[in-house]
Amino acid sequence: MPRAIISPSVLASDFGQLTAECKRMIKGGAEWLHMDVMDGHFVPNITMGAPILSCVHKGVPGIFMDCHMMVAEPEKWVNDIADAGGALYCFHLEATAHPIALIDTIHGRNMKAGVAISPDTPSTAITDEIANAADMLLVMTVYPGRGGQKFLDRCVPKVAELRARFPDKDIEVDGGVGPKTIGVCADAGSNVIVAGTAIFGAQNPEAVIAELKDTVNTAQAKLAK
């Protein structure tokens, strides 16, 4: 099983102090920062784009930006995100007809490639060919587009189905994840945890990050038996 990685969702941060917020998370034990890029087309919201990512990359040396591309034409933004310092480019399977070609393009720009599925997309839509080409699979546990939504339990079996097929793949969950919902995600086999409000809104973010990581490690130890 791959190792536990916590990726705080920057969407829940104070955008007025973005680089300071990212540094605060890294100091608190986060390895990745989850950057939600929304275009107002694929989802009904607009957040940040390459210029902001570029500023964060310059202001936070060594940051691993886990870029979640909630965009209608993911092929269009690979170069911009790579130039801005993106480390992982995760596109939605629903947004492209050519996922394998897109993964190749992402790898060609020296970024890791992620494939995301929304709540109404079955995990079986991620074929073995797609998953084997990708570096990470993302199961959305809320509808993409807005932070602070309620966790959708019905998405958890998709994590388990993917983990059964791909025991060594990074599998990320995103949406409504925090101390109360991490257990089912970890038990299903997710190892990359995106949490927004649960971390950024906590009085002690370090403790929340440690709790999320410990829960994943405990679940993995059980699954390994």
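Just so it is clear, glycine is given a Cβ too, placed from its N, Cα and C backbone atoms.
What TrEMBL says about a protein is an automatic prediction, not a curated fact.
Among the features that TrEMBL reports, active site, proton acceptor is placed at Asp36. Taken from TrEMBL, the feature active site, proton donor covers Asp174. Annotation source TrEMBL lists substrate binding site at Ser9, His68, Gly145, Arg146, Gly147, Gly148, Gly176, Gly196, Thr197. What TrEMBL lists as divalent metal cation binding site is His34, Asp36, His68, Asp174.
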Using a 10 angstroms cut-off on Cβ to Cβ distances, just flag whichever of Ser9, Thr197 is the loneliest among these binding-site residues. Thr197
Ser9, Gly145, Gly176, Thr197 screened against His34 (divalent metal cation binding site), Cα within 10 Å - retained binding-site residues: Ser9
With an 8 Å cut-off on Cβ-Cβ distance and a minimum sequence separation of at least 6, pull the same-chain contacts of His68 (divalent metal cation binding site), or say none. His34, Met35, Asp36, Val37, Cys90, Gly114, Ala116, Leu138, Asp174, Val194
Long-range same-chain neighbours of Gly176 (substrate binding site), Cβ under 8 Å, sequence gap at least 6? Thr141, Val142, Gln149, Lys150, Phe151, Leu152
With an 8 Å cut-off on Cβ-Cβ distance and a minimum sequence separation of at least 6, pull the same-chain contacts of Gly145 (substrate binding site), or say none. Met38, Val43, Pro44, Asn45, Met70
In the same chain, which residues outside the set His34, Asp36, His68, Asp174 have their CB within 8 A of the centroid of the CB atoms that define the divalent metal cation site? Ser7, Ser9, Leu11, Met35, Asp66, Cys90, Leu138, Val194
